[in-house]
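If you check TrEMBL, you get these features:
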- 13-146: domain 'EamA' (DOMAIN)
- 159-292: domain 'EamA' (DOMAIN)
- 45-66: transmembrane segment (TRANSMEM)
- 78-98: transmembrane segment (TRANSMEM)
- 104-124: transmembrane segment (TRANSMEM)
- 131-150: transmembrane segment (TRANSMEM)
- 156-177: transmembrane segment (TRANSMEM)
- 189-210: transmembrane segment (TRANSMEM)
- 222-242: transmembrane segment (TRANSMEM)
- 278-294: transmembrane segment (TRANSMEM)
Amino acid sequence: MHSASPPIPRRAWLLAALGVLAFALSIPMTRLASGSSAEPALPPMFVAIGRAVVAGLLASVYLLYVRAQRPSPAQWRSLAAMAAGVVFGWPLFLGWAVREVDAIHAAVISGLLPLGTAVAASWALGQRAGLRFWTCALLGLVWVLLFAAWRGAGALAVADLLLLAAVACSSFGYVHGARLSGQMPPEQVISWALVLCLPLTLPLAAWVWLVQGVGLNVPAPAWGGFAYVAVVSMWMGFFPWYRALALGGALRVGQVQTLQPFLSVLLAVPLLGEQLDLAVLGFLVLVLATVVMGQRSRSLA
C-alpha cells in the first residue's frame, strides 16, 4: 500500500501555471528575436548569450538587494550543472533550431519536456521508475520522431536534433534547479546560476556582437522578443516556477508543464502569423497524452 500524498497548496498550482505561461512564450519570442533563415533578425548565438547577460545583470542587483547568502561549494557545483542546461544548452539549441523550423514545430517537439525532466530525475537523483513509465517515454519519443519525419518529407532535419538536444538540456537543468529550490529561496536559484555565468557570458556576448555584426537596423519586434526572453524566460519566469516546485514537488506540480506546448502553439498563431492545421494538433495531442500517462505511472510507482 502507498501512503496518501499530502495535498498540494493551491498557491503552488497557481504559481506553476504562471511559470508555464511565462515559458510558453519562450519559443515564439525566440523565433521573433532570431527570425528565420529567409528573413534573419538577431543572430541566434547573440540571442542565447545576450539574454543570459541581461538576466545576469538584473540578477546581480536582485541578490545584492536581498543580501542573499552565498551558496556552499556543493551548491555552486549544482548551480553550474543547472546553468549548463538552462542558461546555455536550451537557449543555444532552441535559437539555432527555430531559425530553420517554425515555432509550432518546435512547440510539438518540446512537448517531450515533462517526460525528459522525469527521465533526468531518474538518472540524476536516483528516483526509480517502472516499466510503464519507460514505455511511455519511448512512445513519446517515437511520436515526436514521426512528427518530425512527416514535417521533413520523410527525414529528420538538423533542427529536429537540435530541439531534442534543447529538451535534454532543459530537463537536466530543471532537475538540478528543483533540488536547489529546497535548499535556498527559489528566486535565488536562477539568479545565482546567471551570476555564476557572467564571467563567461559577458565577454562572449561582446565577441558575438562584434564578430557577427549585430546591427541597429534589426526590426523592433526582434528586440522586443529579445527583451522578453532575457527578462522573463531567462530570469523572472523561474521565480514562480521554482517556488511552485518547492511548494508542491517537482513530480506532481511539474505535470502542469504539459500545458506549455499547447500554449506555445496557440500563441505562435497571433504573434508570428503561423498556420495551425489539424494534423499538427493531432500529433501534439498524441505526444501530450503519452506524457500524461507516463507521469501518472511514475506518480504511482
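Just so you know, glycine gets a Cβ as well, placed from its N, Cα and C.
Unlike curated entries, TrEMBL annotations are predicted automatically.
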Per Cβ pairs under 8 Å, the stretch of 45-66, 78-98, 104-124 packing most closely against the transmembrane segment (222-242): 45-66
The transmembrane segment (45-66) touching the transmembrane segment (278-294) per 3+ Cβ pairs under 8 Å rule: no
Cβ-Cβ under 8 Å with the transmembrane segment (156-177): same-chain residues at least 6 beyond its ends: 78-79, 81-90, 92-94, 96-101, 105-106, 109-110, 112-113, 116-117, 119-121, 124-125, 144-145, 148-149, 189-190, 193, 238, 242, 245, 250, 254
Arithmetic mean of per-residue pLDDT over the domain 'EamA' (159-292): 89
Composition by DSSP (helix, strand, coil) of residues within the domain 'EamA' (159-292): 114 helix, 0 strand, 20 coil
